[in-house]
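A.B. asks: The structure that follows is given in the form of structure tokens.
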Amino acid sequence: MDRYCVFGNPIGHSKSPLIHRLFAEQTGQALAYEAQLAPLDDFAGFARRFFEQGKGANVTVPFKEEAYRLVDELSERATRAGAVNTLVRLDGGRLRGDNTDGAGLLRDLTVNAGVQLRDRRVLLLGAGGAVRGVLAPFLGERPAQLLVANRTAEKAVALAGEFADLGAVRGCGFADVEGPFDLIVNGTSASLAGDVPPLAESVIERGRTVCYDMMYAKEATAFNRWAAERGAARTLDGLGMLVEQAAEAFFLWRGVRPASAPVLETLRRQLATG
């Protein structure tokens, strides 16, 4: 049976084995998928040993940049993202690295939530790997404005500059953000600590702005609570992004695109009762 896994450290919390088991059952694909706790000091060796038999893998924190350096070839979106979250074993044992995070977020927004980016004003919060991974897909949708804001303005400006060839994007510090926006995506990890980036309330237009937090939890995240209190039209969390990036990886491995909606529903139900 073909073997797949997710590499991470820590990894016990991962929902990927459940997601891919549900995808496999739904599509009739015979495969085994497990979580692998990779050592912090030898990810490359650990991954290579898995791929002596393994066919593919997902990669989560803190190994996405190491996976980028490990592979023999990269997809264009992985090259742009500077990180790899999906590994595919090719004929002859070569490894190809891809990044499905941006595609997953975009699909969750446009297909699941019905949010369009074309000609919209979009604010991305943060300048780390999570935001880097979604910039190219977002710019491909041709928003009217794409602003990257970060606590350290220089990081946001530099990141925006790397993607300027793909469309109109600029960077600034949180204090320099002037709204309102049609869509605000929080790509910082502030919600994990119960915090919210320091933004002016004018970034949200009451009854119009959609707010999306890449984080998710049983209850609304700190960012989504903040947004709802200020009249955001809708608040969305990152559980759909998790399922959609997994569906894209499954498609890369098996050539079959699973239906994500029933899997997302199962996870949402499990999260609410867990």
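Using N, Cα and C of the backbone, Cβ positions are placed for all residues, glycine too.
I grabbed these lines from Swiss-Prot:
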type	residues	note
ACT_SITE	Lys64	active site, proton acceptor
BINDING	Ser14, Lys15, Ser16, Thr60, Asn85, Asp101, Tyr216	shikimate binding site
BINDING	Glu76, Gly126, Ala127, Gly128, Gly129, Ala130, Asn150, Arg151, Thr152, Ala153, Glu154, Lys155, Met214, Gly238	NADP(+) binding site
A.B. asks: In Å, how long is the longest CA to CA span across Ser14, Lys15, Ser16, Thr60, Asn85, Asp101, Tyr216, which the record gives as the shikimate binders?
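C.D. replies: Looking at Ser14, Lys15, Ser16, Thr60, Asn85, Asp101, Tyr216 as a set, their Cα atoms extend up to 19 Å apart.
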A.B. asks: Cα of Glu154 (NADP(+) binding site) to Cα of Asp101 (shikimate binding site): how many Å, rounded?
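C.D. replies: Roughly 24 Å, rounded to the nearest whole number.
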A.B. asks: Find, among the binding-site residues listed as Ser16, Thr152, the one whose Cβ has the highest number of other Cβ atoms within 10 Å in the structure shown.
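C.D. replies: The residue with the densest Cβ neighbourhood is Ser16.
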A.B. asks: Would you say which of the binding-site residues Ser14, Thr60, Asn85, Asn150 has the most Cβ atoms within 10 Å of its own Cβ?
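C.D. replies: Its Cβ has the most other Cβ atoms within 10 Å: Asn85.
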A.B. asks: Comparing the recorded positions Lys15, Lys64, which residue's C-beta has the most other C-beta atoms within 10 angstroms in this structure?
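C.D. replies: Selected residue: Lys64.
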A.B. asks: Would you mind sorting out which of Lys64, Glu76, Ala127, Asn150, Thr152, Met214 (the recorded positions) have a C-alpha within 10 A of the one on Asn85 (shikimate binding site)?
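C.D. replies: Near Asn85 (shikimate binding site) by Cα: Lys64.
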A.B. asks: Name, in the order they occur in the sequence, the residues of the same chain whose CB lies under 8 A from the CB of Met214 (NADP(+) binding site) and which sit 6 or more residues away.
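C.D. replies: The list for Met214 (NADP(+) binding site) reads Leu105, Ala130, Val185, Asn186, Gly187, Gly238, Met241, given in order along the sequence.
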A.B. asks: Within 10 angstroms of the C-beta of Asp101 (shikimate binding site), what count of other C-beta atoms is obtained when all protein chains are considered?
C.D. replies: 28
A.B. asks: What's the CA to CA span in angstrom from the residue listed as 'active site, proton acceptor' over to Tyr216 (shikimate binding site)?
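C.D. replies: Here the two Cα atoms are 20 Å apart.
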A.B. asks: If you compare CA-to-CA distances from Ser14 (shikimate binding site) to each of the binding-site residues Glu76, Gly129, Asn150, Thr152, which comes out shortest?
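C.D. replies: Its closest listed neighbour, by Cα, is Gly129.
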